[in-house]
Amino acid sequence: RRQRALLWAVLLAAWEAAWGQLRYSVPEEMPKGSFVGDVAKDLGLQLPEISDNAVRVVSKGRMQYFAVHGKTGHLVTAERIDREQLCERVQQCVLRCELIVEGEMKFYEIEVEITDINDNVPSFRGAEIELRMSETTAPGSRFPLPDAHDPDSGRNSLQSYELSGDEHFSLAVQAGPGGDQRPELVLAKALDREEAAFHELVLRASDGGDPARTGTARIRVTVLDANDNAPVFSQAEYTVRVPEDVPVGSVLVAVKATDADEGLNGQVKYSFHKISDRASELFYLDSETGEITVKNSLDFEEISSHELEVQAHDGGELFDTAKVIITVTDVNDNAPEILVQSALSAISEDSPSGTVVALLHVQDLDSGANGDVRCSLDGDVPFRLQSSHGSYYSVVTARELDREQVSEYNVTVRAADGGSPSLQSSAVLALRVSDVNDNAPVFEEAAYSAYVAENNAAGALVLRVQARDADAGANGRVSYWLAGGSAGAAGAAPLVSVEARSGALYAQRSLDYEQCREFTVAVRAQDGGSPARSSTATVRVFVLDRNDNAPRV
């Protein structure tokens, strides 16, 4: 049966993957690492992407229940999942998470239904139930019995009650307002204290699992002398609204019941008749005064409403029941949380406007205005926020970048909720701007002049030219070349040379003023980019005369 359920989940996921959402189902209590669905196949992802940690699962909440197996691309359980712990009062238990594909800047929503198994036995809050009845109690009278609790769902939940004991009592089961079964002990035959002062019964609760599980409680009925007035509550229902930050020990409400009898039969005591396990940890009922106080801190995000039943009973065990509804209201006690799901560490300076540099998920556990989050970027930066889907935002470029002006950015993303006072949080994105070859070398002078005395030594330094390039790395590395020139009949090429790295011009041979008095050369500066950029400067060399010729007649 479990294999058929898994096959159906795989077929359903394949149909929904086309819509950006996957649905699977898995039974509760499966071991860590159990198969949930083949997300790699359903989304058409390649296994290298998954093995390189470019795909990951983010759950909506503080617990991560699922993960992606790096070798198979399967969605597997990251923890043992207890359906009753997660979805105590929810018929269909669905966990939601997102699959983040970092390389593609995409995410997919995944819903996993946690199906129930019959792993819980119906149980009563107490194994022993003590009832006290007057011997004048009329046959047909009904006495509510404590409900059994089975956190399983569907057929695996509580289905029936059975009573065994003696002929004086029978069992009736009534349907509550929410469809739950409420057992009642029915007096079938008049009691006689002188005949029997006690009656021992067994109440059995069974679920509908296969095989069925049962739980029992022993009922001890004590027969009393007559008590003809029951306590009566001043209200059938008490309602109270309380903020979640109410101090521990605060009194929320005081229930009140009165009994017209005197003495022990008129003394009223209070107790919880129906209360969930979690509510019993949060609230305390004073049996003497009827005051309900806060025992532990409340949390609106955990449970926003509690429904209790309080019973007032007198000394003869006659009783009345009232309902108490406690509504917990939200206060702004959670700051927004910014999660950087994917981000670039570097971006090219020629990236077009609108390029995505980061994917953010912003959430606030509060509700209403306290959970409404506004996001912004600090300072005058060439980036802007763009809402992607739901609580996801993209950080994109807002204009062209220039590495030569600003080479790196620390972009601060700030999230503020709508509470009063507002709570804020921030995250910093470190982004480096990478260089492109968008600047040509620039000479310090467009034209240079140099003076060299004739009869110089070969290899003598004539002049040093210098060009600068604002780019970085190879794009800013400058080399020098001769690009032509004029030197009259002598020609420029054999007269000077240029050193490629330093830009130094050297005389190739001894110059003769009487043969060449001046000449010009063109020097080209070229960077190491691809394609390369270059510029040219002109160097004019003047040869100075020396007295190296005697007069001739």
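Going from the start of the chain as shown, residues are counted 1 onward.
A Cβ is built for glycine as well, from the same backbone N, Cα and C atoms used for every other residue.
Those TrEMBL annotations? Automatic predictions, nothing curated.
For 65-124 (among others), the entry in TrEMBL reads domain 'Cadherin'. The predicted model assigns the domain 'Cadherin' (65-124) a mean pLDDT of 85.
Look at TrEMBL and you will find 125-233 (among others) tagged as domain 'Cadherin'.
TrEMBL lists 234-338 (among others) with the feature domain 'Cadherin'.
Under the heading domain 'Cadherin', TrEMBL lists 347-443 (among others).
In terms of DSSP helix, strand and coil, the domain 'Cadherin' (444-553) has 4 helix, 52 strand, 54 coil. If you look up TrEMBL, you'll see 444-553 (among others) marked as domain 'Cadherin'.
Annotated region 'Disordered' per TrEMBL: 136-160, in sequence order.
Among the features that TrEMBL reports, signal peptide is placed at 1-20.
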* Structure fact -> Residue counts for the domain 'Cadherin' (65-124) under DSSP, helix then strand then coil, are 4 helix, 26 strand, 30 coil
